[in-house]
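Copied from Swiss-Prot, the annotated features are:
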DOMAIN    102-224  domain 'MPN'
MOTIF     173-186  motif 'JAMM motif'
BINDING   H173, H175, D186  Zn(2+) binding site
Amino acid sequence: MMIKQLPENDKPKEKLIAKGAAHLADSELLAILINTGRKGHSSIEVAQDLIKMARSLKELKLLSLNDIMKVKGIGLNKAIILKAAFELGERMYIPDLDTKVKITSPQDAADYFLSRMMHLTHEQFEVLFLNSKNVVIRHEVIFVGTLNSSIVHPREVFKAAIKWSSNAIIVVHNHPSGDVTPSKEDILTTKRLQECGRVLGIELLDHIIIGDAKYLSMVEGGYFDD
């Protein structure tokens, strides 16, 4: 059924105006961005095809322009609009660096990353660089891929820490499986970073593992050396 054949209150744009965006299904929100359908199919059906191809809503962000255009009814212009919208949605969860954020607990560190990282479908290793008052100076992505102690080298982490004149750091990475149990590689990486931090005088305060709407602090879990 084409959009124009739907009852007025069931059309995505009209429904958003009347009830608010929270009342629309994922496919209806995407349909607004897609705007028009293809011959014999509404923009909602095109949106449903896109979600089906991505396998889940959170994996839409990973699709390339060419991937998006594989869906019949989506050309380059529509793909660009969708890609831009997905990126904006991702950036909304990145803390504003102009706002001073003080880390006083593992929960604070987890909150800084949780909303953004728990949806990633790949592992990502990031670092929070802190000043002497544990205020965030900056954060950087150090590595993307499966965490391995031979790949996540302390040299790269502390090179950046020195560059930003950090007094301390907190490292964070995610488990796409949702399980926050530390692996042997996680534990080994943590110990190596602790040792290097002691030598350089830049303390590793914690290693946070992000899972599916939850986190684990390796300090609280007893994985840190005294």
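Keep in mind that glycine also has a Cβ here, set from the backbone N, Cα and C atoms.
Note that the structure is a prediction, hence the values are computed from the model and not measured.
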Report summary line: Cβ contacts within 10 Å for H175 (Zn(2+) binding site), all chains included, total 22
Requested in this report: Give the three-state DSSP assignment (helix, strand or coil) for H175 (Zn(2+) binding site).
Outcome: coil
**Report entry** Counts of helix, strand and coil residues, the domain 'MPN' (102-224), according to DSSP
**Finding:** 39 helix, 36 strand, 48 coil
Report summary line: Rounded mean pLDDT within the domain 'MPN' (102-224) lands at 90
